[in-house]
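Peer 1: What follows is a structure written as structure tokens; I'll ask about it next.
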Amino acid sequence: MQAATVVINRRALRHNLQRLRELAPASKMVAVVKANAYGHGLLETARTLPDADAFGVARLEEALRLRAGGITKPVLLLEGFFDARDLPTISAQHFHTAVHNEEQLAALEEASLDEPVTVWMKLDTGMHRLGVRPEQAEAFYHRLTQCKNVRQPVNIVSHFARADEPKCGATEKQLAIFNTFCEGKPGQRSIAASGGILLWPQSHFDWVRPGIILYGVSPLEDRSTGADFGCQPVMSLTSSLIAVREHKVGEPVGYGGTWISERDTRLGVVAMGYGDGYPRAAPSGTPVLVNGREVPIVGRVAMDMICVDLGPQAQDKAGDPVILWGEGLPVERIAEMTKVSAYELIARLTSRVAMKYVD
């Protein structure tokens, strides 16, 4: 009998990279594998994508794991370095790094390195999180061009705040700021992540940085799924029934008795709960697949179990397979039901969930 298991489909992952190349044919791909590749496994994901042009991570530790695992492609530190003492390692490992503040720039100017570092100057075009403000950007850029520890030319990167809202006007403003600053500068350019790739072809430039869409999940909050853009779900969260019980009309289920059956039915108990990372907020009616058939969760999600209404005539039995999201049940639907973003759902599964990779 199978307990909570994440099944990662390598074929779907490779398909998605190819599909994104079709959407941005003139751009190189930074496959973003931060946060354990959005819950898909850092090394296994990188090894599945030998055709990616580079990999993007959030922490130096993630980059070092890639190198230790045999990944030789360029690795971009999307948030830059947090400590000047890391610069010799970044140089020796040929990592690319974002540079987004005065402290990082000063550290580069003062460092003693054997080789210069490939730098992506981060321009704050409107996210207002990391990056150099436009009014300070020319002076900052000039210092980078004069720094002996920076490999020339300097590349330029930014990030959209509302790429998933095509009618709000914010992305056009960010693009205008980015284009104005980049004009006449020789370095590579990148501003498009998943939403930019899908909705803003004018933003693709030299490099794009697919994150969640690489894993077959839509970044948009418009009820779309990855399949609407030709991508396939890479992750399936699976488990099995551990019990099937007769349940009488009028009987409650689970903590607090929040769901009461309106008919005689058969109740399935699934080995899955918030201890595995499944959202405790999932309301009654949230769908799961049992033997490929959609049935609703009933009652509260517990730490280790959820209950589902199999129906009065159900023939399901203990040990039968359950899919919580993935193939046949997009995680975007679960996100909509639970009000928990798909990003969080796929990235927050706990260590007791087994990982299985298939082709």
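Just so it is clear, glycine is given a Cβ too, placed from its N, Cα and C backbone atoms.
Checked Swiss-Prot, it gives:
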- Lys34: N6-(pyridoxal phosphate)lysine (MOD_RES)
- Lys34: active site, proton acceptor (ACT_SITE)
- Arg129, Met303: substrate binding site (BINDING)
- Tyr255: active site, proton acceptor (ACT_SITE)
Peer 1: Select the most exposed residue of Lys34, Arg129, where exposure means the fewest other Cβ atoms within 10 Å, treating these as the recorded positions.
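Peer 2: Per-residue Cβ counts within 10 Å for the recorded positions Lys34, Arg129 bottom out at Arg129.
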Peer 1: Which of the three DSSP-derived classes (helix, strand, coil) applies to Tyr255 (active site, proton acceptor)?
Peer 2: helix
Peer 1: In sequence order, which residues at least six apart in the same chain have a CB under 8 Å from the CB of Tyr255 (active site, proton acceptor)?
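Peer 2: Expected: Gly299, Arg300, Ala302.
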Peer 1: Tell me which residues of the chain lie with their Cβ under 8 angstroms from that of Met303 (substrate binding site), as long as they are six or more apart in sequence?
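Peer 2: Long-range Cβ contacts: Gly273, Tyr274, Gly275.
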Peer 1: Between Lys34 (N6-(pyridoxal phosphate)lysine) and Arg129 (substrate binding site), how far is it from one CA atom to the other, in Å?
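Peer 2: That comes out at 18 Å between the alpha carbons.
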